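This report refers to the structure that appears directly beneath it.
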């Protein structure tokens, strides 16, 4: 993400000649830069305003510090792979030393944070308290476990389930923390629906007990059918997930087909009605709380930018402004890697009248301007045009170039890809198919060569030209694999691995259709746009999975064993536990679904998330432990499937609607407008297609339509465009989701009003 390390580099932006302590002006610049950087990345961290604290705060936000924090967080989580029960066993001394090292790093990070934050704010922050308590509890658990190990007593590492606390509560994980906070705020609204659902389920359970309990019915396994109200409630809860349908209904259905109406009614009310209401309530309330979060972020961002403006402002005439030179210094401190051309573009946008200063309204947009990636495109001549101008500009050469640029050229190769698909599906041993494969490879290579002849090679293989790189790498890899396979066969040596690689690469070439069909490309681009959002919820799911996996390992470790069925051992048929004899768990050969290490536990939890057959897994572990073990599986289903998955769906729907609409934000529109006014614009879609020269936007270039034949020679130099939306941060996407619902500048509430509905109430009094 651009500028991640900008805030931390501010201390290097001082004049090189200043070996003495910085003057007041430099201190003001660093303080203003801290506010702008916080606004840019939506950091809600109150900090001390002394010169030393400001420099410590910049260092706290340096990318190396954040990277080190994440390294120790992931190392701490990964220790479960090496601790008993382990995937890769290591001595307890090694894992305990590594964990103490991680805890030391976390404590150091916490101390660093305490140095830059007012003490009253630090000790009132729940995040800091959670981290400190977790560190203390982990150390206590380590000491107790080590003491028990010393006397050969197996202990329980209960503190391992608390490790995700570090991932959630450090300031770097604000996205995951926001998701948890929104879930917490949504829970009260969901609770009433869930209680009503449980009431409905219990009513149907009592009805089933009275209808079927005294009829002597048996299940397929021979167990009594619907004779215990708790077992009935569990079976009906499973029926809501449809995992045991229609098996649970069959004994009653075989007795009398009228009893099927009971189950049909239950499914309509609880599966279709209540589960749909769950999704609706989750979607509505989660969106409401998320909007409040984003509203708070937007208002706090404006307050931070206002603070920065107040620090740097001077009075010109009757208005307060920031001088152009001061504005330049500020941008270079916040974004030290910004190019001079990009800086000038932002200045043109902020200083619209070229007055030599930036007013307050334009200054407040600086954080958003810095978040928009602007790509400089250097339009250059084709090397062949430089080396052989007459040949490259000849009528035959121009005809070839126009042919490659024409839409029909793309359509022809779409047809070739479809024909290639048919040949791939045919018998591979046919000699005709083998020769045809060489023909298709030749056509694809000719396509690449023609495009390289038409488009400037460095532009065609630019850093952002993903699909061009994809096409070329796939075809070159297929060519090398085919040559290798032909060589091996010529020597009468069969290699199935090489053949498999060739077949896979051939099939992957079919993905090139996505490049050609616009609507396919839009959908794929949209999925890429919301990728960071998916990663945020991936972190949320990881936290829940990890906690449930650790609990499952402690509760069910060694209860189920996988033994090779070919070994002849009778224990292999019952998963190493006689309690599973004749159970559906053993008959289904689910022995590898166990909690014997972290990897197996995570795989099992993934299967539970899919829901199918989850009740058989729950029954199996209940048989080897106690019937109360079903509560673990029910709890996982409620937390993950009903709550988190529905919230994930709600959020993805909202994000997809925004990204799929392809609408630009107000700031992006302002940048594009200024790029067009300056005549230095390139259309993003055409750049992605590789047409950096011949597909130049005539309006942006300042040339008329009559100049179309000559602009290839004239348009050489530096141009700008808004980068692809895949570079957007999650915060930017969230802000755009609710952009129309956030109060415009100048109409937002006061800081006190903002903090009243803010989930976190920082104290800005020390830094105002």
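Heads up, the Cβ atoms here are built off N, Cα and C, so glycines get one too.
Among the features that TrEMBL reports, region 'Disordered' is placed at 1-23 (among others).
The feature domain 'Ion transport' is assigned by TrEMBL to 59-288 (among others).
The feature transmembrane segment is assigned by TrEMBL to 63-82 (among others).
If you look up TrEMBL, you'll see 88-108 (among others) marked as transmembrane segment.
Annotation source TrEMBL lists transmembrane segment at 129-148 (among others). When Cβ-Cβ distances below 8 Å are used as the criterion, the transmembrane segment (129-148) is approached by residues 92, 96, 99-100, 103, 106-107, 110, 123, 154-159, 162-163, 165-166, 168-170 of the same chain, each at least six residues removed from its ends.
TrEMBL lists 190-213 (among others) with the feature transmembrane segment.
Annotation source TrEMBL lists transmembrane segment at 225-243 (among others).
Proximity of distant same-chain residues to the transmembrane segment (263-283), defined by a Cβ-Cβ separation under 8 Å and at least 6 residues beyond the stretch ends, is recorded for 186, 189-190, 193-194, 196-197, 200-201, 204, 236, 239-240, 242, 245-246, 248-249, 252-253, 642-643, 646-647, 649-650, 653. The feature transmembrane segment is assigned by TrEMBL to 263-283 (among others).
For the domain 'Ion transport' (406-661), the model's pLDDT averages out at 80. Sequence annotations record features per position, and here TrEMBL assigns domain 'Ion transport' to 406-661 (among others).
Among the features that TrEMBL reports, transmembrane segment is placed at 408-426 (among others).
The transmembrane segment feature in TrEMBL is assigned to 432-454 (among others). Cβ atoms under 8 Å from those of the transmembrane segment (432-454) belong to residues 384, 400-401, 404-405, 413, 416, 420, 423, 426, 460, 468, 471-472, 475, 478-479, 482, 506, 509, 690, 694 of the same chain, restricted to positions at least 6 beyond its ends.
If you look up TrEMBL, you'll see 466-485 (among others) marked as transmembrane segment.
Residues or ranges marked as transmembrane segment in TrEMBL: 497-515 (among others).
Taken from TrEMBL, the feature transmembrane segment applies to 527-548 (among others).
Long-range Cβ contacts of the transmembrane segment (631-657) within its own chain (Cβ-Cβ under 8 Å, at least 6 residues beyond either end) map to 179, 182-183, 186, 190, 194, 234, 237, 241, 275, 278-279, 282-283, 286-287, 290, 526, 529-530, 533-534, 537, 540-541, 544-545, 548, 551-552, 555, 605, 608-609, 611, 614, 617-618, 621, 733, 737. Under the heading transmembrane segment, TrEMBL lists 631-657 (among others).
Residues or ranges marked as region 'Disordered' in TrEMBL: 744-768 (among others).
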Check your understanding: Which residues of the same chain, at least 6 past either end of the transmembrane segment (88-108), have a Cβ under 8 Å from a Cβ in it?
Key -> 68-69, 72-73, 75-76, 79, 81-82, 131, 135, 138-139, 142, 146, 149, 166, 170
Practice item. Grab the same-chain neighbours of the transmembrane segment (225-243) for me: Cβ-Cβ under 8 Å, and only residues 6 or more beyond its ends, written as numbers and ranges. Key: 201-202, 204-206, 208-209, 211-213, 215, 217-219, 251-252, 263, 266-267, 270-271, 274-275, 611-615, 627, 630, 634, 637, 641
